[in-house]
């Protein structure tokens with residue numbers, strides 16, 4: 001090995017030591033979601049390792065116009081899917097030493113397009129003769145345990161939508177989605193959106209960001225993220241194994257960052273024993289083995305991770321780097337191409353694929369390129385044929401097609417019986433392609449540093465693999481001391497894995513999902529920033545009195561100001577899936593309450609405040625907790641109506657009132673609100689009552705009695721006369737007073753052609769009564785009158801009295 005590669009290999013452990021193993025996994029469809037800048041767009045890694053031995057490598061000659069034309073022709077042929085012809089042109093450029101890895105970007109993109117996203121990757125190769133004893137002994141046992149079929153036994157809702165692993169320290173955001181706490185804490189300062197819905201969330205930023213220089217001087221850091229108390233306790237009760245495995249994973253990651261790699265491996269071995277279906281554990285342990293230079297074990301774990309999560313970018317990347325280090329260039333290239341198809345913006349995967357392609361074009365001995373050209377075509381042929389079968393593998397089942405693929409593609413490595421068993425497990429619970437694609441949309445590329453370090457490792461190891469390929473050397477045996485320290489414990493039996501991962505319905509108690517305020521099953525659960533969960537209606541009622549959490553007394557003024565309560569999606573789905581009967585009863589009880597509240601004849605909410613009239617606007621300032629609740633219920637039931645009555649020192653409120661209809665509500669940050677309402681109908685109180693602090697009443701509606709004949713003609717004359725009298729009085733007022741009336745009550749309504757067409761009488765009568773300078777007690781009898789004639793005569797006498805006093 002040359003001195004350059006030796007020095008870079010020695011620094012590999014130090015570079016990988018800072019790599020956070022369980023970073024949020026970049027998914028295939030991140031490029032299609034507007035989640036902010038791409039994490040690798042701003043930073044480039046160290047210089048790539050030479051793909052040929054330094055003593056044989058010659059720098060490319062100055063590009064000639066002819067070579068530029070050939071390169072454009074090759075790119076055009078590749079874009080047109082004429083890959084064989086494109087390969088020949090690239091080979092000619094390589095022979096002239098006019099080809100560098102960066103010029104193969106178009107070819108890599110075209111090859112990657114042959115592995116469409118959302119489809120299964122190529123089958124994993126069987127262990128070769130040079131496999132380590134540890135990995136060979138465990139293939140048969142672990143392949144039967146860690147299958148996708150068993151992984152799906154865990155309800156999908158118990159998985160984090162960023163890392164796609166078991167929820168560890170779940171944190172519920174204000175948008176209603178839940179993620180692992182560490183997944184959120186690893187988010188970049190610029191990423192302030194939920195990975196699922198894209199809603200902007202300042203809560204994604206944690207106080208630890210200040211230590212990384214993300215907060216400016218004088219800028220207040222948001223509070224730290226709080227774990228969902230109810231969900232965390234429930235997951236720990238139902239799944240002690242995976243919950244403990246998540247803790248071990250975090251401990252292993254900490255040890256790995258501290259460069260205690262072998263101690264980290266022990267933690268991961270224990271975690272895999274407890275949760276043998278977690279793809280993150282295998283993927284991260286593969287990275288640990290790679291750091292320990294136990295490459296066969298790294299490849300073995302990466303293959304299991306790929307089977308558990310076929311769309312996992314990180315697992316395929318680690319599989320590719322292990323294959324490259326073992327000298328399996330063609331298989332490594334195929335995996336890197338699949339990584340490019342999953343994430344076309346990932347520069348590391350693309351650059352590694354370009355360098356591997358260049359190594360196949362570039363002969364180790366001048367004039368020997370003809371021997372390598374068939375290798376490229378051999379790689380291309382099964383790759384293209386695989387595309388025709390990969391969709392049927394995803395729909396019909398992998399095990400049905402494994403043997404078929406091996407027969408039709410002799411170039412593909414033969415799959416062992418254990419791998420066919422694992423693939424058969426993939427089909428025991430078929431997964432729809434649309435669902436697999438959906439998983440890709442839920443991931444997000446978050447950590448630039450981790451990706452770069454993975455790429456650095458792959459770059460260094462790629463140089464080593466090409467050295468091995470050209471020298472035709474066997475894989476060197478692993479150091480005995482390292483193998484002993486890195487030996488993996490025996491995995492649990494299948495039955496034990498299923499017991500740990502299946503939902504234990506016997507221990508699933510509805511009391512674990514009871515609201516601490518109403519002591520009933522959660523209905524429309526909402527999680528506060530402090531981590532406590534309540535029913536939406538219960539929380540709103542508490543915030544009417546005090547803007548603090550009912551349990552920990554943490555301030556919730558921001559929640560009250562935004563008034564955007566998003567239901568906790570995972571808890572809603574959890575209750576609906578595992579407590580359907582209890583939820584049905586709870587929903588029935590809620591609907592009965594809403595039906596009772598929407599009754600506009602019995603137990604009608606009464607606002608005891610002022611006089612209200614039909615057709616006249618009545619703005620209200622709501623600040624008392626009982627009336628906040630009353631207004632909210634009127635809106636929730638859909639009636640948007642309540643009664644308005646005058647206060648009475650003896651009876652509590654007046655015997656007659658008016659129904660108001662809410663037209664608009666403007667809320668303030670402190671919970672107060674301004675209600676824009678308008679009068680609709682008059683009513684008489686039959687029976688008074690109370691509900692949750694506000695008054696209610698059983699009522700009957702009253703209407704004017706219609707007259708006919710001579711009485712109707714007399715009523716028409718009186719109606720016209722009083723209207724003219726009221727209009728004259730209004731226009732005789734001072735301009736300032738008139739403007740105040742117009743701003744508050746609006747203009748005077750027009751005279752009706754038929755004064756009896758409205759059961760409550762003409763609108764201008766009520767407008768006139770509202771603006772007349774009368775006490776509320778004097779106005780109340782007009783509201784109770786059922787005779788329009790009596791009401792008009794009363795208004796005429798009041799106008800006459802006011803006119804005499806003005807004169």
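Cβ from N, Cα, C; glycine included.
Within the set 23-65, 66-108, the record from TrEMBL flags 23-65 under the feature region 'Disordered'.
Within the chain, the domain 'RING-type' (515-553) has long-range Cβ neighbours (under 8 A, six or more residues past its boundaries) at 171-172, 174, 203, 223, 226-231, 559-560, 565-568, 571-572, 575, 579, 582-583, 585-587, 589-590, 625-626, 628-629, 632, 670-671, 692. Confidence across the domain 'RING-type' (160-197), taken as the mean pLDDT and rounded to a whole number, stands at 80. For the domain 'RING-type' (160-197), residue counts in helix, strand and coil come to 5 helix, 8 strand, 25 coil, using DSSP.
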